[in-house]
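First comes the structure, then the notes that go with it.
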């Protein structure tokens, strides 16, 4: 039955036993970060609770044998293990006291001068940039206190920020006005500035191919237009429209090439390389609407309202010249794609399908379509000359339109895929993954994403599970072990333990950041296509 009732602290316990008086001792110590301890224990000074024994008479033979007997057991204390814990520190929803801030941000955001920062504590930290190892930062709390000292109150600081913002807007407006005046001055007196790197892009590589195509297609459009005015041939009209569409689209490609060379800015941190894909996409839409649409329209009108065709001799001569010029441009584009594909280790077909160089691809496909359309137009015009039936000429116009529509559909598809951000080849992704997994500091990687940003630029992202033991060992290898052992032996109180752990804990976290930088640098060096690496600590 329930025999013993006892108390410990403010709690009461009733324990089942057979006439056993039990003594319970309990004491808990709670340590704070300042080393003080508080005793929370039993009610009495001795920390024990005495049990009272209750006897119950039994019936039968037990009354005769156990009458008058009292049994007692020795007092057995119950010990409680003491656990020392640090008092939890509450930081609140917004804590910026330990944040670091660069000198540029301190001057811009808190309206300070460089001389004001000379009086503040300077801290050397590991630089996030590849070109520098360390850079100087300041405690944000020190900068905020200095700004209040300079401006007197938060309201005065806010007014100064507003004034500087208005002055910056006015400065940008004046800068735009001055740049426009400078441009007009150069137009009037002549520009003596050396040729820029953007202009030099059109004398080699894809820029050269595009400029050659613009010149040739412009001449072809002029002569084909004269031939259509002279003969009235529907096929010749389609050819003239085709050359005009090619000229306009290649001018758009030249604009995309020049825009893609712009340097990244805060609004576009990854640059403007996708402008080539955007220009190629618009070019594909232009070919479909302007080239294919007008060719189909003129062919259908020719079928519905046929009219006799005049002498086609001049048309044949112009088509022959167009075939030679378009073929020359096609050879230039083929040679450029072969050279680029060989440099990337890809086949000619893979380079074209993956749209590695959209500008050259557009020139290649447009010129290939131009050569085939010249053959189609010449064949249909020949049938019209032999039979005298104008329907063949209209069918030729429909054939040229269909060819242009096929080319435009391919360009729209490939450039849309590139702009959506497709993944890189599985073999290349596997090489990047194996490079990370073979490093001793990496346990595993998860959620790997490698996106082709266009123009052979890859962005790599992965969740990395780091081995904390290897990181810690790397940190210890750079420390004086004897001195570290002496520091450990000198730790006697909780304050000293906390200071020791905080010091070396922060250093180990810095070592982890250095390991992340090292892995990112190795990925970029061994894979030149990888321009942006984001490794997230799991």
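Each residue, glycine too, has its Cβ placed from N, Cα and C.
Predicted, not measured: the structure shown is a model, and the values here were computed from it.
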Transmembrane segment range according to TrEMBL, out of 277-301, 427-451, 452-476: 277-301
Transmembrane segment according to TrEMBL, located in which of 247-268, 313-334, 335-356, 489-510: 313-334
Among the ranges 209-230, 313-334, 368-388, 394-413, the one whose Cβ pairs under 8 Å to the transmembrane segment (277-301) are most numerous: 394-413
Cβ-Cβ under 8 Å with the transmembrane segment (368-388): same-chain residues at least 6 beyond its ends: 217, 220, 233, 235-236, 238-239, 242-243, 246, 308-309, 312, 315-316, 319, 322-323, 326-327, 330, 395-397, 399-400, 403-404, 406-407
Chain residues outside the transmembrane segment (394-413) and at least six past its termini with a C-beta under 8 angstroms from it: 234-235, 237-239, 242, 245, 280-281, 283-288, 291-296, 298-303, 306, 361-362, 365-366, 368-369, 372-373, 376-377, 379-381
